[in-house]
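Student: According to Swiss-Prot, the signal peptide annotation covers 1-24, on the basis of similarity to another entry. Annotated N-palmitoyl cysteine per Swiss-Prot: 25, in sequence order, evidence recorded as similarity to another entry. Swiss-Prot lists 33-39 with the feature motif 'Cardin-Weintraub'. Look at Swiss-Prot and you will find 90, 91, 96, 126, 127 tagged as Ca(2+) 1 binding site. Marked as Ca(2+) 2 binding site by Swiss-Prot on the basis of similarity to another entry: 91, 127, 130, 132. According to Swiss-Prot, the Zn(2+) binding site annotation covers 141, 148, 183. Per Swiss-Prot, cholesterol glycine ester is recorded for 198. The annotation site 'Involved in cholesterol transfer' is assigned in Swiss-Prot to 244 on the grounds of similarity to another entry.
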């Protein structure tokens, strides 16, 4: 009963916090204060994002076979009749309107961005699903997972920005392919890479208050791990639970490496870490939360440095960003302070939304309930026979039972509320693969 009441309280309070997200992003230099608006940079000619081959797991994934009108998979394609999109349809068969649902969703989001960027201009699709064999072998056009696009006015000076808007709309791979068009593609609907959640590999390490390190996968409630407060000061924070835990997961991780000092952090695309401002002098904004998929060489992340016997966080330039597929499991630890040092690099405990402060406030009810249950449950007994009444789940975890596998129910709750209240572009396209509880 106590656990049920706690859950009801959490649902109500979390909903109220998410309805007014603006309360979470005031001015200041603390961690998690993201700058707005975001400046968009056009793609250069022949540039592609992400900087990997199209048919790799880190982009749109492998080719799964050509779809014809007579194949069983033809039902996977859906027509797009969005009036804000112009379809060239040079074949006069309507083929260019056919695409997977994921491709359709991204294309519709891009159409809105185009009209906002250039009033009076619409998105134009020159090629969608192809059934005539006009493309290279294993082209994703044959699966309805790729589109070639321009603007309706065919102004080529706009195409670099059009490509950037496609990236922001959530296409899994965008290529400024030629002076005449932009090529975009998406992952397959059933792809294991379609959702990455926000996690670290089980082989990642954290620093413990009592000294030494521990693998992320071995963390248990009661551990105190190295983290940072909202001013960037190092401290030890209570590990509360895993927001996601999948021991057998095979994930694609972004590998972010620095040279001075030499550190390496692996995390999934939708996870947040903190990037230092370009200029530390003057009244500049504080560190910004950034999706791992958006980190680029030359940006600076925060690492632990030892100077004169003093340990502090210092910005270190990112030397390289690569992709690696690992089968070491995937873990998303939550601390009381919402931050954690993984492999000596500062990261957020949150993912999916690029607003650390919003996420941390949304988890305030969970932290409060966790503290109350931990304080009350150990003292509960049956009063007669001396036997203990079973403790709520969160307290049982603290007694060594360990958190359950999968995505935490509170994370799923916030994600569903977020999809109702927030614009789809606010959420990372590789956000959460919600599992049934």
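Yeah, the Cβs are placed from backbone N, Cα and C, and that goes for glycine too.
Since we're looking at a predicted model, the values are computed, not measured.
In the displayed structure, how are the listed features positioned relative to their neighbours?
Tutor: Using a 10 Å radius centred on the Cβ of residue 127 (Ca(2+) 1 binding site) and all shown protein chains, the other Cβ atoms total 22.
Sequence-distant neighbours of residue 91 (Ca(2+) 1 binding site): residues of the same chain at least 6 apart with a C-beta under 8 Å from its C-beta are 132.
When Cβ atoms from all protein chains are considered, those within 10 Å of residue 183 (Zn(2+) binding site) total 23, not counting its own.
The 10 Å shell around the Cβ of residue 198 (cholesterol glycine ester) contains 29 further Cβ atoms across the protein chains shown. Look at residue 198 (cholesterol glycine ester): DSSP puts it in coil.
Under the DSSP three-state reduction, residue 244 (site 'Involved in cholesterol transfer') is assigned to strand.
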Student: Between residue 127 (Ca(2+) 1 binding site) and residue 198 (cholesterol glycine ester), how far is it from one CA atom to the other, in Å?
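Tutor: Between the alpha carbons of residue 127 (Ca(2+) 1 binding site) and residue 198 (cholesterol glycine ester) there are 34 Å.
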Student: For residue 198 (cholesterol glycine ester), which of the listed recorded positions (90, 96, 126, 130, 148, 244) have their CA atom within 10 A of its CA?
Tutor: 244
Student: Under 8 Å Cβ-Cβ from residue 148 (Zn(2+) binding site), six or more apart in the same chain: what's there?
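Tutor: Residues satisfying the criterion: 125, 126, 127, 177, 181, 182, 183, 184.
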Student: May I ask which of the recorded positions 130, 141, 244 is closest to residue 90 (Ca(2+) 1 binding site) if we compare their C-alpha atoms?
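Tutor: Nearest in space to residue 90 (Ca(2+) 1 binding site), counting only the recorded positions, is 130.
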